[in-house]
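Copied from TrEMBL, the annotated features are:
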REGION    1-39  region 'Disordered'
REPEAT    288-322  repeat 'WD'
REPEAT    332-373  repeat 'WD'
REPEAT    418-450  repeat 'WD'
REPEAT    550-583  repeat 'WD'
Amino acid sequence: MDLLQTYADKSDGEDQSHQPSTSSPDSSPPRLIPSKSAAPKVDDTMLALTVAKAHQSHSKPIDPSQHVVAFNPTYDQLWAPIYGPAHPYAKDGIAQGMRNHKLGFVEDAAIDSFVFDEQYNTFHKYGYAADPSGNNYIGDLDALQKNDAISVYNIPQHEQKKRKIGKMKDVEMENEVVGGEHEVDPTEIDNPASDVWLMKNKKSPWAGKKVGVQTELTEEQKKYAEEYAKKKEEKGHSVEKGEHLVDKTTFHGKEERDYQGRSWIAPPKDAKATNDHCYIPKRLIHTWSGHTKGVSAIRFFPKYGHLILSAGMDTKVKIWDVFNSGKCMRTYMGHSKAVRDISFCNDGTKFLTAGYDKNIKYWDTETGQVISTFSTGKIPYVVKLNPDEDKQHILLAGMSDKKIVQWDINTGQTTQEYDQHLGAVNTITFVDNNRRFVTSSDDKSLRVWEFGIPVVIKYISEPHMHSMPAISLHPNTYWLAAQSLDNQILIYSTRERFQLNKKKRFAGHIVAGYACQVNFSPDGRFVMSGDGEGKCWFWDWKSCKVFRTLKCHEGVCIGCEWHPLEQSKVATCGWDGLIKYWD
């Protein structure tokens, strides 16, 4: 009822509602005014989090990097793993990621490197060292007391006394000698070999030794000096001049001159080409077997081909009769190691040989005498004479030390060096009427030179190129055939640009790793090459197709040469020591 009465009173007038109601025992209690506080409002969120964190800290592991722990941790907290479960092989339970030492986590300490080295060396010498965490020592305490706790960098008192006494003695002796009672010869003061000069100029423990030369050697010293001088002489001799061997030759024919007085190397009068058309050989007609090891190169006698020269790995060079008896005519012995390359002069009366004994020899074909020997101390890989008739005295040799060396045979002097290659030089081929020559090297490049000028005028090198250890010139002199070690023969133009002819490519044979010789038929219609399986391959020049293959040798067929006059005859040589003649 009281509430209804109060509501009715409120509805009588709005002005009465704003008036404060008078207190009566029957009315409701008056509304209280809220109290206000002048204190700032406190955010208790952090307090709640701190309480929660303190609650969690009883189960959370301790961070090893923190230096202060605000509560008393339990044993489990101290040894709990930091990340994940404890490692089964870690006794302390510390995870591998939190380790910087095999024993756990080690804090860095601020110790000077000099102090550390001093204590480290002191411990290894005396057996004790200072403890970095305090003023006490660790290690052998008996040695510590015995040595008065000195370190390796502190000199003991008795050692200092010894040094002082030694210095005083030196000073007394010097005063005695220089300014004492004895009269000193002024020449001795200026003579470095005298004791007076030594004492006056003494600056180090080694200054007391006399400068004078030892007059006599002991027997042991003499013996050692002789052996050393002998070795040095032998080494210098081999480096400068190559290995020396007495030159010998043996003639195997019936007589060196016939009844008309003609030499055995004279070409037969009826030797001439029957026609200009060449044919591929089919059958074996002769075999020469005189070398005891492999044959590395063969060369027909220039223009006539009635003799064939062969270089063997048995250090011998032999020349064989082709037209008549088919026997060995002469053996040339002058190299102490395998012969690498051979080359005739234009008329065939002389030839060059290059051996692994670092020598180049210039021979007389008829008599077998060595006219001259050349060497730079490096292995010659290829030798060539300038093909011009007026320059037959100029010798070019590609060496293993990346150089092409040019000699004058008449004087024996080196006249030019071409040294732009980055690897051993393998071939030298004259082009452009012998005004230029092309060289190939182990650096997988071709370089073109002007004869006599050691500047490269054309440099051919592509990423896809391989080394080209054998190059031959086409009979029309417009093309070069290069044996590439990726089992193909590439053709380059000898004109101004020396471009690769991409339309001509001869493949099918296996020559990777072997310097198999490539050659042409005299009419230029066929390309021929040996391979690593003992075969001789013939390709047609126009179509680039394989024309025929012959199984020639057991092992590698390293060389092949077309007879200059007999159009269908070919000679091959191999590492089986045989030279075969095909028709």
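Cβ coordinates are placed from backbone N, Cα and C, and glycine is handled just like the others.
TrEMBL entries are annotated by machine, without manual review.
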Looking only at the repeat 'WD' (550-583), what is the mean pLDDT? 90
Give me the stretch from 332-373, 418-450, 550-583 with the greatest number of Cβ pairs under 8 Å to the repeat 'WD' (288-322). 550-583
I'd like the per-state residue tally for the repeat 'WD' (550-583) from DSSP, helix first, then strand, then coil. 0 helix, 17 strand, 17 coil
Surrounding residues of the repeat 'WD' (332-373) on its own chain - C-beta under 8 Å, 6+ positions past either end: 238, 241-245, 247-251, 256, 263-265, 293, 296-297, 299, 301-304, 307, 309-319, 379-385, 387, 389, 392, 395, 397, 409, 412
Taking residues 6+ outside the repeat 'WD' (418-450), which of them lie with a CB under 8 Å of any CB in it? 381-382, 384, 386-388, 391, 396, 398-404, 406, 456-461, 465-473, 477, 480, 482, 492, 494, 498, 515
By DSSP assignment, list the helix, strand and coil residue numbers for the repeat 'WD' (332-373), in that order. 0 helix, 23 strand, 19 coil
